[in-house]
Amino acid sequence: MSPDHQPPTERPTPITPWLIGAALIVILDRGSKYLAEAMLTPHVPVSILPFFNFTLTYNPGAAFSFLGDAGGWQRWLFVGLSIVISIVLVSWLRGTPRGQVLLPSALTLVLGGALGNLWDRLALGAVVDFIDLHYQGWHWPTFNVADSAITVGALLLFITLTRQGGGGRE
């Protein structure tokens with residue numbers, strides 16, 4: 001059946017609003033990183049709450065600084081992975097049946113976060129991180145708005161897919 005003659009429930013979700021959402025995440029991420037770089041000194045914590053600092057760091061690796069000290073080649077590995085993942089996410093968004101909200105929301109969050117960190121890798125060779133959560137000497141790895149979007153999106157994606165038996169239908 002051609003896309004023009006599909007029943008309404010099988011038509012894909014219009015992708016433009018979701019791409020705008022991803023772009024807004026990138027803008028929020030870039031804006032927050034711009035402010036962090038303008039106002040913070042690298043590795044000097046600024047205490048906000050007893051468990052929350054702003055601490056500017058540059059992470060050449062992935063989550064938890066995975067491959068952070070690999071010598072530079074990892075930059076291009078993560079750039080390539082980010083591009084491939086972004087293409088897959090856009091394709092998945094395009095095929096999402098009309099009327100779904102959770103699945104495209106999850107994909108949009110992950111896409112926006114991936115593109116935000118991709119920007120850093122291309123421009124700086126490392127990802128700008130500045131959100132530092134800690135408790136009694138224990139520090140969660142420093143992260144950023146893009147990382148938060150990816151985490152929330154991945155959690156939503158997991159919930160959506162497991163709740164629906166992997167089919168992603170809501």
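The backbone N, Cα and C atoms fix where each Cβ goes, and this holds for glycine too.
TrEMBL entries are annotated by machine, without manual review.
Taken from TrEMBL as is:
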TRANSMEM  15-32  transmembrane segment
TRANSMEM  44-67  transmembrane segment
TRANSMEM  73-94  transmembrane segment
TRANSMEM  101-119  transmembrane segment
ACT_SITE  Asp129  active site
TRANSMEM  139-161  transmembrane segment
ACT_SITE  Asp147  active site
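Between Asp147 (active site) and Asp129 (active site), the C-alpha separation comes to 9 Å. Cβ atoms under 8 Å from those of the transmembrane segment (139-161) belong to residues 25-26, 28-29, 32-33, 36, 55, 57, 59, 63-65, 102-103, 105-117, 127-133, 167-168, 170 of the same chain, restricted to positions at least 6 beyond its ends.
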